[in-house]
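A quick write-up on the structure given underneath.
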Amino acid sequence: MAAAAANKGGFDTIYALSSGRPPAAIAVVRISGPEAAATLRALAGRVPVPRTACLARLRDAAGATLDHGLTLWFPGPASATGEDLAELHLHGGRAVVDAVLRTLAARGLRMAEPGEFTRRALIHGRLDLAEVEGLGDLLSAETEIQRVEALRRAEGQLGRALRGLADALVALAAMIEARIDYEEAQALDGVETDGALHALSARLDALLAAPPVERLREGVRIAIAGPPNAGKSSLFNALLANDAAIVSPIAGTTRDVLERPVAIAGIPCLLLDTAGLREAEDAVERIGIERARAALASADLILDLAETVPESAARIAVQGKADLVPPIAGRLAVSSRTGSGLDTLLQTIASRAAALLPGPDQIGLEARYRVALETVRGALDAARATSDLVLQAEHVRVARETLNRLTGGADIEAMLDALFGRFCLGK
Ligand SMILES: Nc1nc2c(ncn2[C@@H]2O[C@H](COP(=O)(O)OP(=O)(O)OP(=O)(O)O)[C@@H](O)[C@H]2O)c(=O)[nH]1
Ligand SMILES: [K+]
Ligand SMILES: [Mg+2]
């Protein structure tokens, strides 16, 4: 009810070109808000049957034809935005689109901000926050693995998991309150609450076990390390199939850290070329080496062309210049010159990188979710550690509040601005 009243009272009618930049075969213009029906009637002569494409001659205020196109009508609240929503499918020429957008502006409608349609969907309860975040990632997905994971969140898997946790916490709080309030319940042992606490912690652990979604969004960071002239920049270029980095026989050629995104077997990666590590005389080279060390410290994987870094989960030992140097046991032999060994190296990178990303049955969590869910788990641990029922109830209350703040609270506005900044116009 509240949403419907706000729809009539508080929201203006917005429009935007929701398809790509013209010229294109078809352009989709969306109109959302209380004036959507009147606008459709004015342009197309009538409001078509809901959710059915209807061919119409579109006219401006003076009655001149703007275009022949399809019109679609989605009455609120069962629309994508939760408001009355109209779609115009136009011929995708620049002048056609401009003329229609001008006509909408002349009617007093407002051009939507980036992400504003989605923002309204969130306000009107058509999408939850986790779905919106998933949608944001889906729109910017460039690799297959990003698409699949973002789609899981856009379809509400994370929201459902969080709602399930919230419901279980409510049940747990009720259980504890009952034991506080009723002597007989108190006389029962705490087996039931202990069991519920244990099950909840296990669900949290499963959620928290997923690797961070930021790594999926930004790419697995793969740094190339080695002494000067080891062939780092050559390998960087070979892996990118692009002469991005300067290669020369002069030791100390690379100074800055060079970053390039690359998809390896559908996995988003960020490849980093670094300065060769040595005791440098030159002040500029020394700065480059400091930057190289910082890049190695932040890397998820390190392609080590020598014994540059100690053995670790991140290190992949590579033997460069395989066309010149005989192979060394335990190292992947690669020649950037002939390309030999590159496929094997790419396969190794792909399998090691895939293990660092959310798996097929995991939902990637943003830092905000990880921090909050860790707080929830901490509160549950504290509840398990005490037999004082009043204290237990208090820890569970903290857990519930933390979870509720995550899905909609006072500090959510700033987060929304940042989130919708990532959306494109017309979404
Ligand atoms: N034969 C052969 N030469 C290579 C190979 N990789 C690199 N080189 C040569 O080795 C020299 C150094 O290569 P770079 O890629 O600039 O080495 P680097 O590690 O980036 O060097 P710095 O940036 O100075 O630290 C160049 O002359 C390259 O042509 C290779 O696989 N085979
Ligand atoms: K060099
Ligand atoms: Mg280099």
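Backbone N, Cα and C atoms are what each Cβ position is placed from, and that goes for glycine too.
Because TrEMBL annotations are produced automatically, they should be read as predictions rather than curated entries.
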## Note on the structure
Note: TrEMBL has S248, I250, T253 binding K(+), and from N229, N237 that site also includes N229
### Where R126 ((6S)-5-formyl-5,6,7,8-tetrahydrofolate binding site) sits in the secondary structure, as DSSP reduces it to three classes
coil
### Task
Anything from the binding-site residues R30, E87, R126, A251, K427 with its Cβ under 6 A from ligand 1? List those in sequence order.
A251
### Message
Please list, in sequence order, every residue of the chain apart from R30, E87, R126, K427 whose Cβ lies within 8 Å of the Cβ centroid of the (6S)-5-formyl-5,6,7,8-tetrahydrofolate site.
### Response
S18, S32, S79, A80, T81, L85, F117, T118, A121, G426
### Query
Tally of helix, strand and coil residues over the domain 'TrmE-type G' (219-354) according to DSSP?
38 helix, 31 strand, 67 coil
### Query
In the same chain, outside N229, S248, I250, T253, whose C-beta lies within 8 angstroms of the Cβ mean position for the K(+) site?
P228, V247, P249, A251, G252, T254
### Query
Taking R30, E87, R126, K427 as the record's (6S)-5-formyl-5,6,7,8-tetrahydrofolate-binding set, what's the max Cα pairwise distance in Å, rounded to a whole number?
18
### Query
Within the chain of R126 ((6S)-5-formyl-5,6,7,8-tetrahydrofolate binding site), which residues six or more apart in sequence place their C-beta under 8 angstroms from its C-beta?
P77, S79, A80, T81, G82
